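Asks: What TrEMBL lists as Zn(2+) binding site is HIS21, GLU24, HIS116. Under the heading N-acetyl-L-aspartate binding site, TrEMBL lists ARG63, GLU178, TYR288. As annotated by TrEMBL, substrate binding site applies to ASN70, ARG71, TYR164, ALA165, THR166, THR167, ARG168. Feature annotation from TrEMBL assigns domain 'Succinylglutamate desuccinylase/Aspartoacylase catalytic' to 11-206. What TrEMBL lists as domain 'AstE/AspA barrel-sandwich hybrid' is 219-299.
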Amino acid sequence: MTSCHIAEEPIKKIAIFGGTHGNELTGVFLVKHWLENGAEIQRTGLEVKPFITNPRAVKKCTRYIDCDLNRIFDLENLGKKMSEDLPYEVRRAQEIYHLFGPKDGEDSYDIIFDLHNTTSNMGCTLILEDSRNNFLIQMFHYIKTSLAPLPCYVYLIEHPSLKYATTRSIAKYPVGIEVGPQPQGVLRADILDQMRKMIKHALDFIHHFNEGKEFPPCAIEVYKIIEKVDYPRDENGEIAAVIHPNLQDQDWKPLHPGDPMFLTLDGKTMSLGGDCTVYPVFVNEAAYYEKKEAFAKTTKLTLNAKSIRCSVH
């Protein structure tokens, strides 16, 4: 009996986005380098395009100019009539959509890697938008295995009501790459090295796949978002408590009912309620204060992928 595998189309066009947030400097630095000298990201038979997504925000070293570019790739914003009155990022989103999309269009890009940094202690993180995508689960398994013993976590942002509308979502295979901790506007050599390795392993996987290598069934552990948690606030909407020291830097670690989450100035602790253990991520992320998110609760799951092989071979 022959092994049952899913035949996937070969990958032809890949984009690597840096500077979607202009103060997350690792992606900016790498993409600028690859625009000058892209030898390390080229693979036979692949078109790999490095691209600075939000050049005005990069120039100012700020997250965005008018609004968050990584939250507006929805039909409403992409369908707005182009005019100078539109927020800069909405205009930019439409330009990016025309250059790299639409998903499954004839000239569209198969994969977009979007490079981000976090101020949270999340290490190497891959962001998955679809739990049923055999190709990406296989790719993430390959990257995780290649990086070991360095941990690499998978954050699954599939959720019935939380819609992200990310910059990368216009590709057939969207891949978020998030590496931290790194302050905004700062470059750290260790974080740079980790992100560079993640891209190398991802491109190696695609190259092996296109060459006809069959990837057997695999399973990966993922952390699926449950909900976002705001800081405790007073009657004026001001933050009334900070992340508890026991929770600070404990991304991906279990948070049990009764464990401390927040601490007030007068020493009062606020603890996790309910009866479920959760796994916090984006703990005390600097960029999420304006979004009213102290951290996100996740649950741990295993995703399985079927065997895959390129249909051309």
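The backbone N, Cα and C atoms fix where each Cβ goes, glycine too.
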Asks: Same-chain residues six or more away whose CB lies under 8 A from the CB of ALA165 (substrate binding site)?
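Replies: Listed in sequence order: ARG71, ILE72, PHE73, ASP74, ASN77.
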Asks: So for GLU24 (Zn(2+) binding site), how many other CB atoms are inside 10 Å of its CB?
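Replies: If we count other Cβ atoms within 10 Å of GLU24 (Zn(2+) binding site), we arrive at 28.
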Asks: Could you state the CA-to-CA distance between HIS21 (Zn(2+) binding site) and GLU178 (N-acetyl-L-aspartate binding site) to the nearest Å?
Replies: 12
Asks: So how many other Cβ atoms are close to ARG168 (substrate binding site), meaning within 10 Å of its Cβ?
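Replies: Around ARG168 (substrate binding site), other Cβ atoms within 10 Å: 27.
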Asks: Quick one: average pLDDT across the domain 'AstE/AspA barrel-sandwich hybrid' (219-299), no decimals.
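Replies: That stretch averages a pLDDT of 97.
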Asks: Within the domain 'AstE/AspA barrel-sandwich hybrid' (219-299), how many residues are helix, strand or coil going by DSSP?
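Replies: With helix first, then strand, then coil, the domain 'AstE/AspA barrel-sandwich hybrid' (219-299) has 3 helix, 32 strand, 46 coil.
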Asks: Could you round the CA separation between ASN70 (substrate binding site) and TYR288 (N-acetyl-L-aspartate binding site) to a whole angstrom and send it over?
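Replies: Distance (Cα to Cα, whole Å): 13 Å.
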Asks: Within 10 Å of GLU24 (Zn(2+) binding site), Cα to Cα, which of the binding-site residues ARG63, THR166, THR167, ARG168, TYR288 are there?
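Replies: Near GLU24 (Zn(2+) binding site), where near means Cα within 10 Å, the binding-site residues are ARG63.
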Asks: Do you know offhand how many angstrom separate ARG63 (N-acetyl-L-aspartate binding site) and HIS116 (Zn(2+) binding site) by C-alpha?
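Replies: One finds 11 Å between the Cα atoms of these residues.
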Asks: Just how many other Cβ atoms lie inside 10 Å of the Cβ on HIS116 (Zn(2+) binding site)?
Replies: 24
